[in-house]
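Here's the feature list from TrEMBL:
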DOMAIN    31-190  domain 'Sulfotransferase'
BINDING   Arg45, Ser53, Lys170, Gly171, Arg172, Thr173, His174  3'-phosphoadenylyl sulfate binding site
DISULFID  Cys153-Cys165  disulfide bond
Amino acid sequence: FRDLMPRTLEGQITMEKTPSYFVTKEAPARISSMSKGTKLIVVVRDPVTRAISDYTQTLSKKPDIPTFESLTFKNRTTGLIDTSWSAIQIGIYAKHLENWLLYFPIGQILFVSGERLISDPAGELGRVQDFLGLKRIITDKHFYFNKTKGFPCLKKAEGSSKPHCLGKTKGRTHPDIDQEVVQRLRDFYRPFNMKFYQMTGQDFGWD
């Protein structure tokens, strides 16, 4: 695992990102055996929005998949949620965090709010810089809001004079989902969200 990481000089910080780490059962033990002192950063967003976004991405690649509503429920009549569907499963953050806390103390994990990353990118990145022990170099003046994408963009990427925005797969229009289904999902996630807020000491305001 360590051999796959890029070479790092003294005084440099090596970073690596893979969205599936947080939900992969074997990842915490593997990362811990590589380096117990690794600092972990997890970006989380409202699990209902996250599930719809996940579905939207799959839909763009496979337009013939079943509707979001039919994939959400094991039984629509009783309202039983299908927790085996990965789009639903990933948003049960408290469950995944329990697995990480077997190997890492909570103080070694920073949880970044996906919503605040859009509404206040400099503020959230300020927290990231503090967590990593870095000087706060990235501030408000580095961002502008791109109305077309609906996301903030970096005014200038490192080593380039061009602004840097998220790729074309980000900011897709979500399909209209039956509000009754959305409400049922909010009710389903609420206890898991509350547990996650307690575990992290942060209220992400998803309700």
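Cβ atoms are placed via backbone N, Cα and C, with glycine included.
Just so you know, TrEMBL annotations never went through curation; they're auto-generated.
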Report, as a single number, how many Cβ atoms besides its own are within 10 Å of the Cβ of Arg45 (3'-phosphoadenylyl sulfate binding site).
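Other Cβ atoms found within 10 Å: 18.
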Could you round the CA separation between Thr173 (3'-phosphoadenylyl sulfate binding site) and Cys165 (disulfide bond) to a whole angstrom and send it over?
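Cys165 (disulfide bond) has its Cα 17 Å from the Cα of Thr173 (3'-phosphoadenylyl sulfate binding site).
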Just to verify: the residue among Thr173, His174 with the fewest other Cβ atoms within 10 Å, which of the binding-site residues is it?
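So among Thr173, His174, the binding-site residues given, the one with the fewest Cβ atoms within 10 Å is Thr173.
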How many whole Å apart are the CA atoms of Arg45 (3'-phosphoadenylyl sulfate binding site) and Cys165 (disulfide bond)?
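A Cα-Cα distance of 19 Å.
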Cα-Cα separation of Cys165 (disulfide bond) and Ser53 (3'-phosphoadenylyl sulfate binding site), in Å?
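Cys165 (disulfide bond) to Ser53 (3'-phosphoadenylyl sulfate binding site), Cα-Cα distance: 18 Å.
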Between Ser53 (3'-phosphoadenylyl sulfate binding site) and Cys153 (disulfide bond), find the distance joining the two CA atoms and give it rounded to the nearest Å.
20
Using the alpha carbons only, what distance in Å do you get between His174 (3'-phosphoadenylyl sulfate binding site) and Cys153 (disulfide bond) once rounded?
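Given the Cα positions, His174 (3'-phosphoadenylyl sulfate binding site) is 21 Å from Cys153 (disulfide bond).
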Measure the Cβ-based neighbour count of Cys165 (disulfide bond), defined as the other Cβ atoms within 10 Å of its Cβ.
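Excluding its own Cβ, the number within 10 Å is 17.
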